[in-house]
Amino acid sequence: MTAQPLPPLQPAAGSAALSMRTKTVIVGGLIIGLYLLPFVLGESYLFLSIDFLIMALFAVSYNLLLGQAGMLSFGHAAYYGLGAYTVAILFNKLAVPVYIGLLASPFIAGAIALAVGWFAVRVTGMYFAMLTLAFGQLLHTVVMGWYGFTGGDDGLPVMPPDWLLPARNYYLFVLTVTLVSLAALRLITLSAFGTALNAIRENRQRAIFVGLGVRNYELGAFVIAGAFAGIAGAMRAPLQQMAFPSLLHWSQSAEPVLMALAGGIYTFAGPIVGAAIFVFTNFVITTYSEYPLLVFGVIVLLVVLYLPGGVAGAVIAAWERLRRRAR
Amino acid sequence: MKVIQKAYGRRAVTRAMLGAMALGPSMAGAARAQSDIKIGLTTDLTGIAASYTRSTVNGVELGIDEVNAAGGLLGRKVALLVRDSQLKPDLGTTHTRDLITREKVDVLIGPNSSAVGLTVSAVARQYQKPVIMTTPNTPRLPMELFHPHFFTLVPSGLMEARAMAEVMGPKGKKFAFIGGDYEASHQGLKFFKERLAKVNPGAEFITEAWPKLGEPDYTSYITKLASAKPDVLFSYLWGADLVGFIKQAKPYGLFNRTAVGTLLFMDDLKALGQEMPDGIWGQMRAPFFAMPGDTASRFVERYRAKYNDYPADFAIMGYEAVMAYAGAIKDAQSVESAALVKALEAGTFDLLRGRTRFRQLDHQGDVPSFIGKTAAGDKVPFKVLAEVERVPADKIWPSEAEVLEARKAK
Amino acid sequence: MMDEILIQALSGLSRGMVLFVVASGLTLIFGTMRIANFAHGSFYMLAAFLTYSVATMVGDRTWGFLAALCLAPPIVAGVGALIEWGLLKRIATRPHQYQLILTYAITLIVADGIKMLWGSDYRTVARPAGLDGAITILDMPFPTYNAMLILVGVLIAVGLHLLLTRTRFGKTIRAAVADGEMIGALGVNVQRLFTGVFALGAGLAGLGGVLAAPVGSVSLGIDSSIIIESFAVIIIGGVGNVMGALIGAVLIGVVHAVGILFVPKLAIAFVFIALCAVLLIRPQGLLGRNT
């Protein structure tokens, strides 16, 4: 009973629907809109938007594994958390400002991802999920236990410089870093490397047969995804003014899977949509419900059962239907 | 929804949700009367600490009800806004920021876990809103991470460990330790050892056990401790972990041979019921059965009438935070942060644990630490502490030099 | 010193036995259905809370525990069957991530559901009379209840072995573990097999929950710690292999117990150290077949 990859949504479905020009206009408009947002939104919503941007990068980095290469990692939070700790430790031990620490985070997170991935890519499917989960928990345990270095369970305080403290400035900073990172990830998905990952997802056996170094490609994807998750985590630490171990915990690893699935894993924008839904839902539920886990769990159940392609998948399917009818 | 409805009513909740969904700058709060004094409470209602947090919210609610029944403060009603941080520091920041910037709360009460406490305190510093901590007690808060808007009504981990060393120190030569493998516990042992060296210079630690938090099975730790045959066991376990440990250690006769001193909350006494052995030295933060005076016993009655439960340590401290704010707001005749901070610093507050002041240096409330021996309770269906000793704050809190040293080192 | 190590090993063994009972269910589900069932810890927690309620209702500590032993595992197995039949079956042909996330969603729902029904207080369940004392082994007291756990663990291992080798149901499970695609071709009703295996697995988790309830405390959050250790056990033992789960669980229990004698500060990492060591030597697990 090996589950087959879901066929209905070709990765190209979204791109075929819109011309290159329309797409550029839409994306450009969105970016300008995002830069104007701080002049419209209240401070609280601005912080929520920062949250969204960070989660969007986290989710898109994860989707390089799940959506592009078909690798079901369940330990992605480890690299996200390591990014946060890179910033925090550099700040606390060497007084390195957070924006410099941010530059180091993808390298640290990527290096650890390389070490873990070296073991993990030897197996596939659910087995890969469990291995990444186990290694993620190992890293979580190390961070929890090495209190002299990491501050243990209480976390490690991070103080952003004064100019980064106001919501508007930090928003613009995070927006820029996120957009640059997303652009880089987009280029990677469109490159020959990305195409090879697609081929592996579609048919791993065939990819091996045609002589693709499948494991090396998978390892590459794992490291790149880890590195970008590290950047997301590095932006998290100054936002909370702290790095803390729950960022690496396995329940945090469920979040990018949730976001990717909710948004749709076969489009680049899917996980971004998923992140928006996730951040907003989570905020509303923990504000207004006495049983947030219950409500959240039920929502996830409904999405899994009734939105197999995620929100982006559903929107694209509806769009296709409309076009067909128009013709 | 219970908690929130109390402050808002159902329709307001719906409105607030719609407001939030519109994601515009429209303030959900704008629809509400502006005259309420708002207390924001971000705390960990979801997760392993849920039972403590429930108590905190109950205590705070009861305090606010009483203040409102007495006509409110400065002629205004007091309203409570509760948010669930789920033990996640990131949610703690998000909600505390939202409470301050969108809901415009006037003052804050801290959460349950130390990690969330640190982020809530950082937000309070950024927005210059007073926050009173009622549960998280890492010494980093009043020491190196101190800021003028921070106040605490919990004896810090440093104070608790020293109080324990004062009481348990003279009870033997050979000491053993068991505590969850996390920062507070390691710190606790360090502080205990430092004070022990003064109280009983000949004492030494012969074994240490570091189970993980949430360990289900302590058997192997207990065999290890039991075979070392210590005179005194210092335990930094608490909650469900402590309950599991005590149950499992009983068959070994550990509590007959060894003087055991441990952190203890009312919830642990309740959970163990009659299975709790007699003669364990328990350290509590605010045991309702050992509060002085009539005010406290009347409080216990009101609490029981309202919640059909005994007030846990956390309920008492939550209630006290409201009382301290009420006193300070009356003194300052204002809810404006600077005036309020001044009033909190200058005032003396009649709380359940006794008359309390916040020390200027670190805004640590001069609350005692309660240590006594477990014994049958005559009025309650579970064991209580007998021969309770109140170790006064000034005997155990850090000296000015220590505090300044810690801040400089940072 | 030798005595101490022996007594530590014994207590590690009793710890490993509860873990084995829970992990055996997980490994059967994983082996047959290729689902990493996160809800497994929730079944365990649910059974522990049921044990508390049944014991409280019955009143007597011995009869209460026995009643819970008879009632809780079947109830939890029923819940498991419902989840498989009502939810998992509907997405059986989808990629793994959907099943993974679905079981994760169930952990959230069960956690808050338990909080809703039982409240957030932590509870204790008394040990049955006669099992609350200690026996003396090597001049050291050893809790009778833990000795009983070791016995019960062995009995369950034998029982599962017989079930898997002697019954038709068991043989089908083993065939499904060996080759999932062949099973359908052989004319086995795969739907019913999956529902049965999931119920059996959930029931085993429930049994573990009942056995563990009198050991420590019954509280929210016990699902999370058991599930990670159980995953480690089945990776170490080899997925789908019940005897592998037994070896993995005992290994983790004993390494942990003896380890804290020598390097107490590494206690929280023992599980993962054992895991990494096994993976380095045998990536498919101790008794797992090469894939």
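Numbers here mean position along the shown chain, with the first residue as 1.
Using the three backbone atoms N, Cα and C, a Cβ is placed for every residue, glycine included.
What TrEMBL says about this one:
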type: TRANSMEM; residues: C:6-30; note: transmembrane segment
type: TRANSMEM; residues: C:65-88; note: transmembrane segment
type: TRANSMEM; residues: C:100-118; note: transmembrane segment
type: TRANSMEM; residues: C:145-164; note: transmembrane segment
type: TRANSMEM; residues: C:193-214; note: transmembrane segment
type: TRANSMEM; residues: C:226-255; note: transmembrane segment
type: TRANSMEM; residues: C:262-281; note: transmembrane segment
Leading contact stretch, C:100-118, C:145-164, C:193-214, C:226-255, C:262-281 vs the transmembrane segment (C:6-30) - CB distance under 8 Å: C:226-255
Same-chain residues at least 6 beyond the ends of the transmembrane segment (C:100-118) whose Cβ lies under 8 Å from its Cβ atoms: 35-42, 45-46, 49, 52-53, 83, 87-88, 91, 220, 223, 227
Among the ranges C:145-164, C:193-214, C:262-281, the one whose Cβ pairs under 8 Å to the transmembrane segment (C:65-88) are most numerous: C:193-214
Contact call for the transmembrane segment (C:145-164) against the transmembrane segment (C:262-281), three or more Cβ pairs under 8 Å: no
Tertiary contacts of the transmembrane segment (C:193-214) (same chain, 6+ residues out, Cβ under 8 Å): 17-19, 21-22, 24-26, 28-29, 32-33, 37, 40-41, 43-48, 50-52, 55, 65, 68-69, 72-81, 83-85, 88-89, 92, 125-128, 131, 145, 149, 152, 156, 169, 172-173, 176, 183, 222, 226
Residues of the parent chain within Cβ reach of the transmembrane segment (C:262-281), under 8 Å, 6 or more residues beyond its termini: 228-229, 232, 235-236, 251-252, 255-256
